[in-house]
Amino acid sequence: MKVAVLGAAGGIGQALALLLKTQLPSGSELSLYDIAPVTPGVAVDLSHIPTDVKIKGFSGEDAKPALEGADVVLISAGVARKPGMDRSDLFNVNAGIVKNLIQQVATTCPKACIGIITNPVNTTVAIAAEVLKKAGVYDKNKLFGVTTLDIIRSNTFVAELKGKKPAELDVPVIGGHSGVTILPLLSQIPGVNFTDQEVADLTKRIQNAGTEVVEAKAGGGSATLSMGQAAARFGLSLVRALQGEQGVVECAYVEGDGEYARFFSQPLLLGKNGIEERKPIGTLSAYEQQALEGMLDTLKKDIALGEEFVNK
């Protein structure tokens with residue numbers, strides 16, 4: 001199994017690469033790419049960690065050598081948020097980066113499963129889909145927007161509030177991956193009850209958690225370490241499913257039946273070909289139903305922005 005990380009010299013990319021080097025199944029290959037000249041050195045650094053995962057690093061304009069034979073491609077390349085920016089402010093720079101990298105994926109490893117981490121995910125996933133479609137290699141069961149950070153934050157914050165162990169929780173989060181489009185389904189956590197005020201406060205905290213980190217880092221970056229952990233969890237789940245493990249479920253932002261929007265985050269059963277089944281979002285509380293209806297305009301605009309970027 002070969003996993004490629006594009007954007008591997010950045011804060012998320014290095015954290016992700018470290019976790020993959022230590023946690024990928026024995027015999028896996030890990031390929032690191034970034035435009036930054038330090039990237040081969042990051043690979044050398046990680047190569048000293050005693051795990052049976054082969055690692056190579058590539059830098060420069062051409063990602064293709066890193067992509068050859070990749071089964072999974074995780075893309076974290078791009079600029080990070082600064083205080084006062086929201087994820088959509090990143091669009092102008094990151095849209096072009098994602099488009100360029102996906103064009104290289106389309107020609108080099110068109111059958112790979114692709115996880116997009118680069119923000120704004122609501123939009124960059126639409127860009128990736130349109131680029132792959134133009135290249136004639138789009139498979140909607142193999143393109144994912146990685147929203148796992150919203151899930152691990154939900155698990156952490158609920159555990160803190162309710163005195164639970166975070167590992168025992170798995171809060172489904174639907175919608176998109178920014179602001180009001182992030183909707184944790186707190187009503188679906190077995191054996192945990194909330195007051196209306198707790199639901200409103202928790203939902204808001206989960207939606208704004210990225211900003212909490214950006215402000216706490218005081219201009220020194222955005223969420224890189226927790227995002228690296230979230231991306232590793234998603235990437236490792238994908239690898240396990242591709243290798244035939246049964247019953248692997250993760251939420252991610254994918255193209256579905258279009259009931260709510262063309263792309264929508266929901267629980268997915270993963271399998272040997274990517275998505276095996278898009279699972280229903282289940283019964284929502286009145287609060288969740290209202291929040292879902294209230295986000296769809298924003299989500300659809302984010303998606304249209306990505307489609308237009310490629311097709312203009």
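Our numbering is plain: 1 for the first residue shown, then up by one each step along the chain.
Keep in mind that glycine also has a Cβ here, set from the backbone N, Cα and C atoms.
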Same-site residue for NAD(+) (record: Swiss-Prot; known: Gly7, Ala8, Ala9, Gly10, Gly11, Ile12, Gly13, Asn94, Ile117, Thr118, Asn119, Met227; options: Asp34, Asp71, Asp139): Asp34
Secondary-structure category, per DSSP, in which Gly11 (NAD(+) binding site) falls: helix
Binding-site residues compared (Asn94, Thr118) - the one with the fewest other Cβ atoms within 10 Å: Asn94
Nearest-integer angstrom distance between the alpha carbons (Cα) of His177 (active site, proton acceptor) and Arg153 (substrate binding site): 12
Nearest recorded site to Gly7 (NAD(+) binding site) by CA-CA distance, among binding-site residues Arg81, Asn119, Arg153: Asn119
